[in-house]
Amino acid sequence: KCNFSIYFLLEVERKIRANDREYNLSFKYATNSIKTSKYNPFTFLPLNLFEQFQRIANAYFLFLLILQVIPAISSLSWFTTVVPLVLVLSVTAAKDAIDDIVKLCGLCGRHPFFSLFHNRLISEKWMNVQVGDIIKLENNQFVTADLLLLSSSEPLNLVYIETVCCEPPNNRLDRFTGTLTFNSQKYSLDNERVLLRGCTLRNTDWCFGLVLFAGPETKLMQNCGKSTFKRTSIDRLMNVLVLFIFGLLALMCIILAVGNGIWENHAGSKFKAFLPREENTVFSAFLTFWSYIIILNTVVPISLYVSMEVIRLGNSYYINWDRTMYHAGSDTPAEARTTTLNEELGQIKYIFSDKTGTLTQNIMTFNKCSINGKSYGQDQSEMTPVDFSFNRLADPKFLFYDHSLVEGVKLELPDVHAFFRLLALCHTVMAEEKREGDLVYQAQSPDEGALVTAARNFGFVFRSRSPETVTIEEMGIQRTYELLAILDFNNVRKRMSVIVRNPEGKLSLYCKGADTIIYERLHPSCSEVMKVTTEHLNEFAGEGLRTLVLAYKDLDEEYFSEWKQRHHESSVALEDREEKLEKLYEEIEKDMMLIGATAVEDKLQDGVTQTLEQLAKAEIKIWVLTGDKQETAENIGYSCNLLREEMNEVFVVAANSPEEVRQELRDARLKMCPDTEQDKFLIPEIILGNTPKVVQDENVNGEYGLVINGHSLAFALESNMELEFLRTACICKTVICCRVTPLQKAQVVELVKKYKKAVTLAIGDGANDVSMIKAAHIGVGISGQEGMQAVLSSDFSFAQFRFLQRLLLVHGRWSYLRMCKFLRYFFYKNFTFTFVHFWYAFFCGFSAQTVYDEGYITLYNLVYTALPVLGMSLFDQDVNAGWSLEYPQLYVPGQLSQYFSKRAFMMCALHSWYSSLVLFFVPYAAIYDTARDNGKDGTDYQSFALITETCLTVTVCVQLGLDLSYWTVVNHLFVWGSLGMFFILTFTMYTDGLYRLRPSSFAFIGTARNCLNQPNVWLTVALTAILCVLPVVVYRFLSSQISPTINEKVRYKVCQMKEPAPRPRRTRLTRRSTRRSGYAFSHAHGYGDLMTSGRYLRRNALTCSTGLIPTGRSPGFKPTGRSAGYSPVGREQNPKQKVEPTSLQVFRAVKDSFF
């Protein structure tokens, strides 16, 4: 019975019939509906209320509401709590609903597509896709679900299908197993036949696919984390502080209840005429405890959370309105997609970034090259681009700046022609020519596309291919080469070769690959040209370019025939097939002749290097999590200065077993920190009774980098090794994880969140980044070329990586600073307000009488002090945006939570305790046994209450003025307007007219007129305000002189400079690295087999006419002796090879700092 149940709970095999919905629905497979929102109409109210009452303060006010309906306890009406509580819950719920609706309206699942139903195409929405449906996709459309490719616009791709049996849903992106049944015959299916959800159909007009997995069962969604309710570190700290405040409140109420019991025993009988007396003093104390719970509830005012939501909303709009974060090219503004995480942007310590489309544009350009020892390619800023008008097939978007290379082509220099001939033949690019002369190259990797386009512009135009031939135009003459073999690229070989026979019948092998790999396979006669080419490679790498070395070899017909036979035997071998083929490749790829080298630039997005430099100065650590191979990721790391030659060492972890990975990580850590101790790097941190382990930061001398591939990372993320990996990685300045899956990206983020007391941010642009965007504290989506799924799952979005600098260093820092100032001031004014009640209790017989009148209690937080603190929280800034970017070090205090922490809270509480003493006893002493100018007694409860109210209102406004760093017209209006409103409302409420309307509510008749006309009252107000703020002024003065903060240093320097913004500085030439990239290609293994198999090939190109205005024609490549400086025209090509090479100057962009 148990086994029977498990069989139905776990899907072990999936059976699908094509276009048979009735059969497929019987298995209850998931639909294609994707839920990225948190709520639906049925769950919104209970789920949202549950989330809101996770704030302990909200639960506390609900408890107060229950108390206030008990007449024996409450001295205040129930509506004074229920109205603010409902208002807070409603405003927050409305904001959360709007955020969720925005995400719901942006779902890609609403986009239309075509479905094949009853032998006709009908338009459907994504969400209506069912497993087993056959759907049609068109070029540049997103793949709607995991599909089995049936047919496409490419010839030779028609597939007939009846039934498919495949594996159940899983998150393995690199594997798929299944069988296809047709005419009682079964055929195997693998990952190459599957299109995954989240991909985009490129270079294909249309295709049909059978839905295998839909919705949450797709491999992409299996890799995505769940939508979680994110809270800021301040929110989490607030929960802890609220618990402390509750404890403080309970302590005060216990003290006052005990005082009530003592007072009732000793003096209560004397006041029976004024106060109803409970004979049972214990019960009286019990009731008094709950009465003071209600009276002192302002120690945690409910308006605090409303104000926080308003502040966050306002700062979110600042991000949306920031024109400097608007990208005109794509018409994309920055967008705060959530309004609850703004201040968290000011505390980021770790950034996890994707590479392709995030740091780079994924656009490759052919910039420089070396041919037979001569370097070509000049500085673009000092040259005009080459005119390719002689070539009618040239790509008009291709730019090159060295005219001598074009002259070499026109002069028919054999080496130059051989160079571009190799680029036109040795590749896996497809050519599409919908009309004559309009060529479109479809490259699996942008690297190959850039090289083939370069050959095209210099007169060697790739036109078409078939499984057996490659057709190119060489200086206007169409030539068809017989394609005999493709020796494909893989991560071990780091090279690819083609073997072709030219129209004259000559056999040649053309090879391109990593310099270290190619150099090992060169003929000894190439030693001289290899030395000069190596110098050029160093120059190219120093500019951050990605390099390839090109070589060729002439083949003997008899030898090749024998080799080809052995190659065929090895390719069909059942055992050790890969090893046998590799030996054959090694055999034929030797004693090659060096032609030259290429230098391709993987274009970074604008401002990436400067942004990363600024973030590094702000002590933010950058981790790059990419699916690209190690070599590509390292190249980009050096290009954007994440990895630098000045680093002490860059560790590479690429082991294939858990033991080796552990050893490599441990060796790296011990090399960085030789004296580190194994058991003293974890510190416990107690939060609400939990004791999670926190990995403390370890100091290290020097800068280090870490590169780890996906296979090793899988071992490193296991529970018994994750701490070893984290310790080693956190010591490093930069971490690059290569070949990682979306799930691994999320696991890395979760690991740092789990063991580091730090705020994390993840940024990406594709569907494969969604999991880490959801996992991080802050998720940022870039609206790029890979769709909108990352944006839809993000908290903030924009179009370019460079905007991250302004998002964090300006908006994030300001939001955090404003929120911290708001909290410190809000707690100060409310603690002070509440503690005065505590002191007054000792003078009113602990009778739960309030020191202020009810009108002031109601309006204190709503009118008198609400707008000034909101003005500060929305407009204050210590320095403007320009200086914030000029000094990224200003960001560091936020990472350390220096502006608001438990210590800052205690200091605020102590200041409030002191101020409440002053505010109670100074007015008490000032009016004690005094008379007014008319000789009447000036000592009464109502006069004392009004003087205390006035002193409190003026004092908190003065304190806010001291806290405010940036006065605006709005701040002046709010501060002075609130003070004016206090006096206007006070005189209004204390008039006889309102007293006649409602005597019980407006009992302080005439008090304002009689009291505030006394000079000693205003002297008391001034003295109280001065005494309250004096300790703050003294402390700030002494601390700024003895131990100034980074903010004080910068503000002092800005004041000295008397400039509104920093002057723009010219960025000097930066030498990024002298490291040579090992291999430029980023395409995957297997495309060689794809080309020769005849699959996915387009129709032959149109009959080609001469596309060039030839200045000379070369009938074919005629190999000559290879030596540095050889020239067929008898001139020396590279005279500088005879000169002792000098070291290249290294320029670095260095900015002045007064720190």
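Heads up, the Cβ atoms here are built off N, Cα and C, so glycines get one too.
Just so you know, TrEMBL annotations are computer predictions that nobody has curated.
As the structure is a computational prediction, the values presented were derived from the model and not from experiment.
Taken from TrEMBL, the feature active site, 4-aspartylphosphate intermediate applies to D354. Taken from TrEMBL, the feature Mg(2+) binding site applies to D354, T356, D765, D769. Annotated ATP binding site per TrEMBL: D354, K355, T356, E448, F489, K512, R546, T626, G627, D628, R739, K745, N768, D769, in sequence order. What TrEMBL lists as domain 'P-type ATPase N-terminal' is 16-82. For 791-1045, the entry in TrEMBL reads domain 'P-type ATPase C-terminal'. Here TrEMBL flags 1112-1142 as region 'Disordered'. If you look up TrEMBL, you'll see 59-89, 240-263, 283-306, 822-843, 855-875, 904-927, 973-995, 1016-1038 marked as transmembrane segment.
Here the listed stretches are 283-306, 855-875, 973-995, and the one with the most C-beta pairs under 8 angstroms to the transmembrane segment (822-843) is 283-306. Under 8 Å from some Cβ of the transmembrane segment (973-995) lie the Cβ atoms of residues 853, 855-856, 859, 863-868, 870-871, 946, 949-950, 953-954, 957, 960-961, 1001-1009, 1012, all in the same chain and six or more residues away from its ends. Within 10 Å of D354 (active site, 4-aspartylphosphate intermediate), as judged by C-alpha distances, the binding-site residues found are G627, D765, N768; the full candidate list was F489, R546, G627, D765, N768.
The stretch with the most CB contacts under 8 Å to the transmembrane segment (240-263), chosen from 283-306, 855-875, 904-927, 1016-1038, is 283-306. Comparing the binding-site residues T356, N768 on other C-beta atoms within 10 angstroms of each C-beta gives the minimum for T356. It is 10 Å from the Cα atom of G627 (ATP binding site) to that of D769 (Mg(2+) binding site).
Within the same chain, residues 55, 57-58, 60-61, 64, 67-68, 70, 72-76, 81, 84-85, 87-88, 91-92, 242, 245-246, 248-250, 252-254, 256-258, 260-261, 264, 277, 826, 830-831, 833-834, 837-838, 841, 846-848, 850, 857, 860-862, 866 sit at least 6 positions outside the transmembrane segment (283-306) and bring their C-beta atoms closer than 8 Å to a C-beta of that stretch. For the ATP site, whose annotated binding residues are D354, K355, T356, E448, F489, K512, R546, T626, G627, D628, R739, K745, N768, D769, the maximal Cα to Cα separation is 32 Å. Here the Cα atom of N768 (ATP binding site) is found 11 Å from that of T356 (Mg(2+) binding site). Each of the binding-site residues R546, R739 was ranked by the number of other C-beta atoms within 10 Å, and first place falls to R546. Mean model confidence for the domain 'P-type ATPase N-terminal' (16-82) is a pLDDT of 75.
Taking the C-alpha atom of D765 (Mg(2+) binding site) as reference, the shortest distance to any of the binding-site residues F489, R546, R739 belongs to R739.
Comparing R739 (ATP binding site) with D769 (Mg(2+) binding site), their Cα atoms are 13 Å apart once rounded. In this structure, the binding-site residues under consideration are D765, D769, and the one with the smallest number of other Cβ atoms within 10 Å of its Cβ is D765.
Residue pair D769 (Mg(2+) binding site) / F489 (ATP binding site) shows a Cα separation of 27 Å.
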